[in-house]
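Peer 1: What TrEMBL records for A:6-26, A:38-59, A:65-87, A:94-113, A:151-168, A:198-217, A:223-242, A:249-269, A:275-293 is transmembrane segment.
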Amino acid sequence: MSQLFQEAIIVSILAATVRIVTPLLFSALGELITQRAGIWNMGVEGTMLTGAFAAYLAATATGSLWLAVLAAVLAGALMGAVIAFMTSLMRVDHFIAGLGLNLLAGGLTLYWFQSYIQGRAQPTFSGFQNVAIPLLSDIPLLGPVLFSQRALTYVALLAVPAVWFLLYRTRYGLELRCLGENPKALDVKGLSVTARQFAAVMLGSAMTGLGGGFLMLGFSDRFLADFTAGRGWIVVVALIAGNWRPRGVLIAVTAFAFLESLATHLQVIGAQVPHQLLLALPYLASIALLMGLRFRTGQPARLGVPYARE
Amino acid sequence: MSTALRVEGLTKRFAGVTANDNVDFDLRPGEIHCLFGENGAGKSTLSSCIFGFYRPDKGQIFVRDKPVHIASPIDAIRHGIGMVHQHFVLVPEFTVLENIIVGTQRSGWRLNAQQARQKLKAICDGYGIDIDLDAYVWELPVGRQQWVEILKALYLDAEILILDEPTAVLTPGESRILFDIIRKMCARGLSIILITHKLVEVMQSDRVTVLRKGKVVATLNTPETSPDELARLMVGREVSFTVTKPDLQPGETVVAVDGLTARGHWGEAVLKDVSFSVARHEILGIAGVAGNGQKELFEVLCGVRKPEAGTIRLKGEDVAGLTPRCLMDRGVGHIPDDRFREGLVPEFSVAENLVLGWQRSPKYCNGPLIDSKAIAELSREMIAEYQIATRDEKVAAGKLSGGNAQKIIIAREFLHASGLMLANQPTRGLDVGVIEYVQAQLLKKRAEGFAIVLASEELSDLFNLADRIAVMFKGEIMGIVDPKTTTISEVGVMMAGRREGVAAPKERTLA
């Protein structure tokens, strides 16, 4: 265990944390936008999976990683449109809509994957490599942890203040938060609640899809069934743990990523802990969190409540 | 004469029900015009059509004598129509300023708060409205929240303002301030449509249009009419507003509450050192603006909420902290304020609701089996006795009107209780006819020897019915007064947090 405290290991754990947090961060910020607009989208897992699969298809078919990123974003937006159609327009129960979407995404990606490879050896691609930022990456400790990462990791980190700015400093953000708190306040001013919820959910889900896409392009070279392995659910927990605030969500997903990174490293070092238990750490932590967090002061007042003029 | 707004032949139907039937209405510039009528008379439907929330099936709306087509609130706003909704449409988590400007900016992506701030300052100064634009709405008392609603309309340059039951949640003092502001708005040329079912408010208007069952019954100049005439027009028959309450000598004390203290869900104090007693043949009124601990008081008294300290002596026995079942067995009845959520199971039949909570009683059971015959028999008796308008006892309670649903609860509670009745807002939202009936029932039970605790937000009800009135503010009792020697405005001042005995204005009006 003492190896844990060597500098190289610490740097490695932290660097891996930042890498692992990237897809969670994209997806969580996307879900933050969605939920602040009042839609409790439980389809994060399915949206991430679809984004990951779209990225895989595009990467192996075109060989371009950036086209693959675009594919993930578009796939996410499409899933968002489906969720918005069901929840905002048809007023389906938000949980049921999301769970349905997850089932659909799981089945459809697998089916499409099978018909794509048609029994031949699965095509692979080589994913994103680290892009060291000159000068900054030479800073001891901070350099390798923060400034020697994949390009999209930088984007994800910058997305935190960007989303904060969108929500709290623009008129779109004010209207978006109003959707989650009291959509009628927009309706009585003659503005369409549904149109705005569509826009918010599609934008949010595009980011969620991007998170899934990065999971594929930054960590893997191939697609597997259940590729996202419950990360979408961790994102949902992170929203609650982060009290629906950008900074809170950042802290929550970072904590999850750190646990996952720690678990991987403990395994590599050969710590005398069953590795199944280590791998379960982030999930156990999320259960513990959900039980402990009973005060949800930041939860949008009309989150998950379909809007209708009475 | 030119009009600010005119409605001709407006008809609106909902699934076979005609909410507005060929309604004609006109609003003169600078006047206060009341829309007066019972629940379901079509007042809110008419205003929602004018504001573009509903599309009328027939009819034409004119603004400043020009025909207009209002398909959405955005059209209404464009024509200078503003609306203050009965249930405020505010975001508590936003500041006053954010609530006013959200959705009003049409260009630019950054919030342009500075311009809005200046415009609002000018409006506030003009009307003498003193409000902190950067306060969060949840920090504001209800009366101020309503100012925010009014500012929202004025900020959008409303010239015609619809106020839907604006005083429903206000103290008498807040209502008086509201009417001052309304009169200032009229003086500046705004035209006001005031929706209400309170006669005292109608009498302050210039003209009044009475609606009944979707139709206009009459449009009158207010100074030329009288409350009696208006009430008769609204209900369609003579109504007696003076409840005859016989003087009764209070008997022995039924319940004595001493030092009752309780906390809410978040650990905040909701009841602080509440003490009172009620005797046989006595009605204790509980006055207060909604949310000042009345609901929690009733919850503690009927056993749903556990008190933190204090005693409740029921016929001498301390029952504080006992379960609702134990209290029911000791003769405590409870008419909760939310009849369809706490008083009834809407999906259950009238018969099932009449024995709800007493289903274990041997009267209604044969061993483990429900004795449906006995229950049906009893239900038919109750339906007849309490004049519950229902096809039979098998109809789901949720299908009945609010008034008939309330009669089920009253029938059940008075059938099973003996001694103490807790009635929280028993007449809220009911029509005049049913209110008369409920009040008569309460007085009848008082004569029979019940001790009754009655909460109401209508002070006139309490003055009519109660033998003594306890005024609650923020979980405390500000004082217990005798309605015979106290004025409504004195009680109003106590509702706003002033203790008994402090000098108060003497006029006996509501606003």
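Each residue, glycine too, has its Cβ placed from N, Cα and C.
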Peer 1: Which range wins on Cβ pairs under 8 Å with the transmembrane segment (A:223-242): A:65-87, A:151-168, A:198-217, A:249-269, A:275-293?
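Peer 2: Stretch with maximum Cβ contacts: A:249-269.
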Peer 1: Same chain only, please: residues at least 6 beyond the ends of the transmembrane segment (A:38-59) with a C-beta under 8 Å from a C-beta of the stretch. Say none if there are none.
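Peer 2: Non-local partners: 23, 27, 31, 65, 67-76, 78-80, 83-84, 87-88, 94-95, 97-106, 108-109, 112-113, 116, 125, 127, 179-181, 183, 197, 200-201, 204-205, 208-217, 222-223, 226-228, 230-233, 235-236, 300, 302-305, 307.
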Peer 1: Taking 3+ C-beta pairs under 8 angstroms (sequence gap of 6 or more) as contact, is the transmembrane segment (A:6-26) in contact with the transmembrane segment (A:198-217)?
Peer 2: yes
Peer 1: Restricting to the same chain and to residues at least six past its boundaries, which positions have a Cβ under 8 Å from a Cβ of the transmembrane segment (A:198-217)?
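Peer 2: Tertiary neighbours of the transmembrane segment (A:198-217) are 22-37, 39, 41, 44, 47-56, 59, 65, 68-69, 71-77, 79-81, 83-85, 87-89, 127-128, 150, 152, 156, 159, 176, 179, 223, 227-228, 231-232, 235.
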Peer 1: Could you pull out which residues elsewhere in the chain have a CB under 8 Å from any CB of the transmembrane segment (A:249-269), counting only those six or more residues past its ends?
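Peer 2: Cβ under 8 Å, 6 or more out: 1, 3-4, 9, 12-14, 16-18, 20-21, 24-25, 28-29, 32, 160, 234-235, 237-239, 241-242, 275, 278-279, 281-282, 285-286.
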